[in-house]
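Pulled from TrEMBL:
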- 1-18: signal peptide (SIGNAL)
- 21-270: disulfide bond (DISULFID)
- 152-156, 197, 245, 294, 385-386, 400-402, 410, 432: cyanocob(III)alamin binding site (BINDING)
- 165-208: disulfide bond (DISULFID)
């Protein structure tokens, strides 16, 4: 009887693995410390710094920020509605950085759903029309023969489709068709290290379309593409347990958690990913607000697809600001970082001294303020990114890549990466 009981226990365990991709409960202190890192971002209320993803992440998490959360949503509404009104009236004289991108508009729509709101009225119709125009422009850039590429990315394209789906707004079959073709011919989604992110976001869009049945003539094709996406993500799992890399894992897990086709492989992969995420949490790997806001829902067993029917009455724990640690005033350690730019003539190489713990952005600022170094950045939801170095702009399908010598691409951006003493950081102009 003991052996039979053990056998039933083993089979039950395998069955549980085969049923769902679920991240079981995580230490509440680790989750709370992660959420606390979002609180300072909620005090940045200019359009440049407002990040709808922060609001979405909190609303889908087990945490809340009380009155600060409500004020943040109010600021989002004011900024985005005013920006759209300026664009509609033709009185927008600000530069392009002040205008919401397709991804920002899409995330704003997600933020409204996170508050159990549907877009409606003239303002809502204007917002939906603007996002649909973005998608039509991107469809045109991809081209009738699919030889082109979106002006932004398939990630933003997928996010736009997802946002409209969550608000029960149908997009034309041809718009969905471009995304389906890209997944069916997956070389279109192989764009540097963002591949898993792009595929996962496409999968979330397909999951919403499948559940909502807004494009019934493409239902079978959507289901097949969703299976392709899940298979690709599972194949991208590293020996450490991440899908692609540590920062693309939360979005990948959001997609895998929507699976209605249970397998032992899926359950085992999610358990392995959970262990990798726990190790990353303990090492305080996640600092970027966009990445944190994608991870918090996973730790609450939620995904963006849950915004089809969000539970706005679910109890959530109140976040309190992190208590500062008292310590004696110390002179910060100084580290030396070599900054290298080989994509210009003459090449630039300079050793920069900064306090330990400085970001790569701090290194660039120090080089600019104390030498001949010049650079330009543009704000994005994941932080500032380089647009020019020493007067050389990234144009067309070019971008400035960040590498740790000799040839290791950085997984974090300017504001998040902390160089170590003696490192050489190269800024390299590449094409994709």
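Every residue gets a Cβ built from N, Cα and C, even glycine.
Small disclaimer: the values here were computed from a predicted structure and weren't measured.
All features noted in TrEMBL, drawn onto the structure.
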residue: 21; record: disulfide bond; Cβ neighbours (10 Å): 25
residue: 152; record: cyanocob(III)alamin binding site; Cβ neighbours (10 Å): 17
residue: 156; record: cyanocob(III)alamin binding site; Cβ neighbours (10 Å): 24
residue: 165; record: disulfide bond; Cβ neighbours (10 Å): 27
residue: 208; record: disulfide bond; Cβ neighbours (10 Å): 24
residue: 245; record: cyanocob(III)alamin binding site; Cβ neighbours (10 Å): 15
residue: 270; record: disulfide bond; Cβ neighbours (10 Å): 26
residue: 385; record: cyanocob(III)alamin binding site; Cβ neighbours (10 Å): 16
residue: 400; record: cyanocob(III)alamin binding site; Cβ neighbours (10 Å): 22
residue: 432; record: cyanocob(III)alamin binding site; Cβ neighbours (10 Å): 13
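Taking Cα separation as the measure, residue 270 (disulfide bond) is nearest to 245 of the binding-site residues 152, 154, 156, 245, 402. Of all the binding-site residues listed here (152, 245, 385, 400, 402), 152 has the Cα closest to the Cα of residue 165 (disulfide bond). Of the recorded residues, residue 400 (cyanocob(III)alamin binding site) and residue 208 (disulfide bond) place their C-alpha atoms 34 Å from one another. Its Cβ taken as reference, residue 402 (cyanocob(III)alamin binding site) is surrounded by 20 other Cβ atoms within 10 Å in the chains shown.
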